[in-house]
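Per TrEMBL, these features apply:
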DNA_BIND  B:26-65  DNA-binding region
BINDING   B:GLY100, B:VAL101, B:GLY102, B:ASN103, B:LEU104, B:GLY105  NAD(+) binding site
DOMAIN    B:89-190  domain 'CoA-binding'
REGION    B:222-243  region 'Disordered'
Protein chains: 2
Amino acid sequence: MTSRQNHHRVRAERGIPEATVARLPVYLRALTGLQDRGVATVSSEELAAAAGVNSAKLRKDLSHLGSYGTRGVGYEVEYLVYQISRELGLTQDWVVAIIGVGNLGRALAGYGGFASRGFRVAGLLDADESIVGQEISGMTVEHIDRLEDIIAGHGVSIAVIATPAGAAQGVCDRVVAAGVTSVLNFAPVVLSVPDGVDVRKVDLSIELQILAFHEQRKAGGPGDYDPVAGGGAPPGATQYVEA
Amino acid sequence: MTSRQNHHRVRAERGIPEATVARLPVYLRALTGLQDRGVATVSSEELAAAAGVNSAKLRKDLSHLGSYGTRGVGYEVEYLVYQISRELGLTQDWVVAIIGVGNLGRALAGYGGFASRGFRVAGLLDADESIVGQEISGMTVEHIDRLEDIIAGHGVSIAVIATPAGAAQGVCDRVVAAGVTSVLNFAPVVLSVPDGVDVRKVDLSIELQILAFHEQRKAGGPGDYDPVAGGGAPPGATQYVEA
DNA sequence: GCGACTTTGTGCGCGTATTCACAAAGGCTT
DNA sequence: AAGCCTTTGTGAATACGCGCACAAAGTCGC
């Protein structure tokens, strides 16, 4: 049976709730920011403010990792950074392959956030002969035919799919067959994968549509037209985020 | 008061659950795919499969929009496309400005998914003098100084922030002051905005970290214990640098 | 026109997530 | 050493989302 993009996975014995896992990277970023500013300890209230969450939620999230705070004082920044990094698996390197070197693939290849957090790009692959061989961000684009070689050879464990929609499922099947169990999908399709494979999806178009929905509602509900709804203070407006 | 990205639904009278709103674009995409293949009607089971969700969930989601199905038959594709489009506010055009024309901004500017769904890019803006004036995807990059002019002049209602982290909050404050109430943020920071402004965040690095977490667990738990598990000694652990 | 069949729409129970509010725990001052 | 003050960690209440399972509703064949 093929499972679909279901992020509400079963808890393991160690059981960190999925919602918590999704917030840990945010805390981590806030913490490294504090670290850079030389802050040694931080209270849950301060850190929660920096991360944009409720402080009780932050404390409960951190409590799932263990008791790393000191009552009356707060959390030691450096130690917390280490604990969260370890929990997220960032104390080791992860090897990534980017498949599809169009506009987006190029942007991803040049994204600094990869290397800085322990993600190493082992290869850029594309099916287009005119792109293969090009040098991008210091890497040479390989032909998609070499997909299996590269995955096996470099020990790729995360595949980033940035192909056109039509090619995505086929590529996904191949990377999964080659042993990859984590996929980050930028193509606007729902990927089917076997159980045990994680897929996360990033979709610009969907995000815009969700924004449009709320924007429309601020402007007066479905059917009403007024895209230039700026300025005003919408009553009972909503706040969202999250990805 | 400045609310951050914690969020909670303040249900309006019309009250479509946020979880449902987030799925509507997925259904819409599946439906247009069916439409292209000439399918006239579809059952909840089929559509759910195409969208990668449970069929009961699909039916419940659609029931929030009204009763657009026929028992014993299914849903008329064309009609459903229209209803969802209308609910999402896609029957009107939304004017978008992209701020920050680096690798990512360029990719976004060239992204076909904009126009196809009623999102019109009214401007590309950047602070870098060497980029201003360049022609990208048929548009000329404007200087960030013209931000307010462009927002007002074109009736921009959605701002896409693709700047470096350090510049994001400042840009956000400016677009909000200029009347924009919907922001799509690609910068790796938590933006603070006044109530009534929606922020959605897309963060590659966070997605990768979540995948890493699950990948690590599959590999045998957050172990790989470091002998130096001591308190203040974050060993040669990964060093984090803000992108 | 009628019965069998298909598919929707939804009531209900369950598990997860969020938030409040407070007792327990530790540091700091005197 | 004792008491005060701050902040953590968590019990409990609430809200939310999911999916099963089924009755209601409509179609289709005869």
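Keep in mind that glycine also has a Cβ here, set from the backbone N, Cα and C atoms.
Automated prediction, rather than curation, is the source of TrEMBL annotations.
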Neighbour-count leader, CB within 10 A, binding-site residues: B:GLY102, B:LEU104: B:LEU104
Chain A neighbours, filtered from binding-site residues B:GLY100, B:VAL101, B:ASN103, B:LEU104, Cβ-Cβ distance under 8 Å: B:ASN103, B:LEU104
Compute the average pLDDT of the predicted model within the DNA-binding region (B:26-65). 96
Counts by DSSP class (helix H/G/I, strand E/B, coil) across the DNA-binding region (B:26-65): 28 helix, 2 strand, 10 coil
For B:VAL101 (NAD(+) binding site), the number of neighbouring Cβ atoms whose distance to its own Cβ is within 10 Å equals 25
In sequence order, which same-chain residues at least six apart have a C-beta under 8 angstroms from B:GLY105 (NAD(+) binding site)? B:ILE98, B:ILE99, B:LEU124, B:ASP126, B:ALA162
Surrounding CB atoms that lie within 10 Å of the CB of B:GLY100 (NAD(+) binding site), all protein chains: 26
Other CB atoms, at most 10 A from the CB of B:ASN103 (NAD(+) binding site): 19
As a quick check of your reading of DSSP, tell me how many residues in the domain 'CoA-binding' (B:89-190) are helical, how many are strand and how many are coil. 35 helix, 29 strand, 38 coil
